[in-house]
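Q: According to Swiss-Prot, the record shows the following:
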{"type": "DOMAIN", "residues": "1-85", "note": "domain 'Core-binding (CB)'"}
{"type": "DOMAIN", "residues": "106-285", "note": "domain 'Tyr recombinase'"}
{"type": "ACT_SITE", "residues": "145", "note": "active site"}
{"type": "ACT_SITE", "residues": "169", "note": "active site"}
{"type": "ACT_SITE", "residues": "237", "note": "active site"}
{"type": "ACT_SITE", "residues": "240", "note": "active site"}
{"type": "ACT_SITE", "residues": "263", "note": "active site"}
{"type": "ACT_SITE", "residues": "272", "note": "active site, O-(3'-phospho-DNA)-tyrosine intermediate"}
């Protein structure tokens, strides 16, 4: 079994020119697979059948592997067995048609209205706080991705008509409205922006005058959340998810939210309908006299 694996590593390294990191990941997964096979007294790849592949997955799950890691292990095994088929050592790939356990759908976390109010209730006049408040207000008001906000220039924003021009995924441009609170916060920021000695046309700059980095935004939001007494970790995703959830709760217009978020597929936006249903179910449970549903 090891001889075939060594030929496979050479194939990946020389012919496929895969990175050492990727090869190491494959090695880790297949080494673990061989250990499971050895426990079943399987010492030849020709002994591996579809039932054996399913056993490998079941045993790996029993050992504590999560869904994502199980999918990686199956993928590594399937690719290797496909190589053996190409080499004529196997007639068919026994892993073909076998799926790893589906990854559970993790609903994004969001803040409720009171938490948003708590987050933004800060009127500090420090220039860096004025900048951060503008970032927070704009992200929550428009649902921008972190990369979209970080890439904004001065000419991207129009506080008079309250619109921001965004370059999203796939280099697609869209225009997103924002509210009067965000507009006011941005105007306040523009009054003090020159104090940071900006070196380019970036809307949001660091204290060194450069375009603020992704990491700096993440750290500032985390710090702001702690300072405002939020119990949960604050990050750009949470602001975007909160925007989407609150928009759906207020309007139920999935297509409009899709456009605002810049999703190319409606299915991506539909995850927020699950969040919205959770909110409605909670209201129902609290309000209806016969609503005590079993959980």
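Just so it is clear, glycine is given a Cβ too, placed from its N, Cα and C backbone atoms.
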Q: Counting across all protein chains present, how many other Cβ atoms fall within 10 Å of the Cβ of residue 145 (active site)?
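A: A 10 Å sphere around the Cβ of residue 145 (active site) contains 17 other Cβ atoms.
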Q: Select the closest residue to residue 169 (active site) from the following active-site residues, measuring between CA atoms: 145, 237, 240.
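A: Considering only the listed active-site residues, the nearest one is 145.
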Q: Please give me the CB contact count at 10 A for residue 240 (active site), counting all chains in the structure.
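A: So the Cβ neighbour count for residue 240 (active site) comes to 22.
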Q: Roughly where does the domain 'Tyr recombinase' (106-285) sit in mean pLDDT, to the nearest integer?
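A: That region's mean pLDDT is 84.
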Q: To the nearest whole angstrom, what is the C-alpha distance linking residue 240 (active site) and residue 145 (active site)?
A: 7
Q: Rounded to the nearest angstrom, how far is the Cα of residue 145 (active site) from the Cα of residue 237 (active site)?
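A: It is 7 Å, counting Cα to Cα.
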Q: Neighbour count first, Cβ atoms within 10 Å, every protein chain included; then name which of 169, 237 tops the list of active-site residues.
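A: When each Cβ's neighbours within 10 Å are tallied, 237 tops the list.
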Q: Let's see if you can do this one: DSSP helix, strand and coil counts over the domain 'Core-binding (CB)' (1-85), in that order.
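A: Counting residues per DSSP class in the domain 'Core-binding (CB)' (1-85), I get 69 helix, 0 strand, 16 coil.
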